[in-house]
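Asks: Here's a structure for you.
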Amino acid sequence: MPNRKYADGEVVMGRWPGSVLYYEVQVTSYDDASHLYTVKYKDGTELALKESDIRSQSSFKQRKSQSSSSSPSRRSRSRSRSRSPGRPAKGRRRSSSHSREHKDDKKKIIQETTLALPKPSENNTRRYNGEPDSTERNDTSSKLLEQQKLKPDVEVERVLDQYSLRSRREEKKKEEIYAEKKIFETIKITEKPSSKTKELEFGGRFGTFTLIFLLPATVLYLLLMCKQDDPSLMNFPPPLPTLESLWEAKVFGVFLLWFFFQALFYLLPIGKVVEGLPLSNGRKLQYRINGFYAFVLTAAAIGTLLYFQFELHYLYDHFIQFAVSAAAFSMVLSIYLYIRSLKAPEEDLAPGGNSGYLVYDFFTGHELNPRIGSFDLKYFCELRPGLIGWVVINLAMLLAEMKIHNQSMPSLSMILVNSFQLLYVVDALWNEEAVLTTMDIIHDGFGFMLAFGDLVWVPFVYSLQAFYLVGHPIAISWPTAAAITILNCIGYYIFRSANSQKNNFRRNPADPKLSYLKVIPTATGKGLLVTGWWGFVRHPNYLGDIIMALAWSLPCGFNHILPYFYVIYFICLLVHREARDEHHCKKKYGLAWERYCQRVPYRIFPYIY
């Protein structure tokens, strides 16, 4: 076993991962098994480095003293004192020695430029993302290598310009060459065409074909069961309605009005405009963050309708017809999305929906970010018509319960369900910018899976508890309600604090407020969080989500399993999504991900899974 070279507490120069820059660090410990040194930077960052990435300070000081002894400014002043500008002949006779001296100057300038190191908190730490379930393309390291190859020439040109070592004509020529290098560098980095999808998910072609029919059938079955006096699984199948009763043109018109009503709010020039994460070609799309404003305007419009005694329980009376209308619209939208994706450039296609199989790409989404002008269809559907519609449906169920059962006040169970889910929706809209870093936006294309999920599954399945309580009221005591509320608050606290920690670290890893967080560096230039909530389990936000889902179902009692469909489905969904995250991260981060899994062994449930 090799002996360690550097002792604990020794101050050395450590290379920052993913770069050629060295910073002053202090050795804190050494791992005999992995042969890695744990070092601490001046800004408090702790990383594990190989011995080959560490050098002694003496080698750097020696180089620095050699370069500083003959700095360009000193040489310039000595020449001006010993030789006046009116003696050009002597300069010509010494042209050969002058050229050699110029080359020596250039080499020494390079050394000085290399040793002029910025602080980690001001520079390279901004490349660290720290998101374990990030699904960006795995080409960051190659981009960094290409940039570093061009960097020495660029630095030399800038330093030579600073000391004015060329004539104006030569400087102009060098500026043109430098501009050409920048263009070449941009082309070399951004021209990376999307590759074909080889690993198929969701059961491949057969699985996705089945899901296209199974998902609408599941929604219809759940809603029909909630309409039954005894919604027991033993009463399968429920009485099927006639085809005429499932469709009504007026209901479809109301749904279209709602959809375009939300689209109008989306286009309003209110709210800030932010950039999303870089795409595979390096481009960043712009998004307008005004979902919360749209929610407030929608609430004002609904309040106005209620003031003029509009019967909102019309939504309850035609609930199944609204679900069928939304399903039909999502199918038409999915067909349009696939047809337009056939003309989309290769770089605009989704990394997971470019298999070449029609059914699979239609389901998962062929195009990553389909837009009509500046109107982003996927981003709009992600939070607007379905999520805000979920709150409106819950309100309609609350009013329907009061009318059907002749109550002056809604039941305590209905109040809890409406309050918990309203908090969830308002939180999502208030933190709308965080959705730009989710798997739906940065990895999944916009096809039938997301279109049906956003427009049908979210508003009509997530509101299942409220719909169930209208026909099957449950009376709960105040202590029971208090216990359920505490459970929901615990889930919400875990969910929100974990997401906020992740998003803040992604936006600014050098934030002093996050200095207590530790990361495992990766070859991509990003880091994997191993402290805070993300050091507790790999997906603490999923854990909080599941706890909240249970709290939403508990007010419905234990007479039937139907209102617990949501929490059962949600556990299956998040476990499946966690498996997808594991697969993507293992391919992207390699050995660093294995180290992270050893450090954080539990995935969603602590000490269980």
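Each residue, glycine too, has its Cβ placed from N, Cα and C.
A TrEMBL annotation is a machine prediction, not a hand-curated record.
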Asks: Among 442-462, 589-609, where does TrEMBL put the label transmembrane segment?
Replies: 442-462
Asks: Kindly report the helix/strand/coil residue split of the domain 'Tudor' (4-62) according to DSSP, in that order.
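Replies: DSSP classes over the domain 'Tudor' (4-62) add up to 9 helix, 27 strand, 23 coil.
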Asks: Along the domain 'Tudor' (4-62), what average pLDDT does this model show?
Replies: 80
Asks: Of the stretches 320-339, 516-537, 557-576, which racks up the most C-beta pairs under 8 Å with the transmembrane segment (245-268)?
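Replies: Out of the listed stretches, 320-339 contacts the transmembrane segment (245-268) most.
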Asks: Cβ under 8 Å to the transmembrane segment (320-339), counting only same-chain residues 6 or more beyond its ends: which ones?
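Replies: Hits for the transmembrane segment (320-339): 216, 219-220, 223-224, 227, 241, 245-248, 251-252, 254-256, 259, 358, 361-362, 365-367, 370, 377, 446-448, 451-452, 455-456, 459-460.
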Asks: With pairs fewer than 6 apart in sequence excluded, do the transmembrane segment (442-462) and the transmembrane segment (206-225) have three or more C-beta pairs that lie under 8 Å?
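Replies: Yes, these stretches are in contact.
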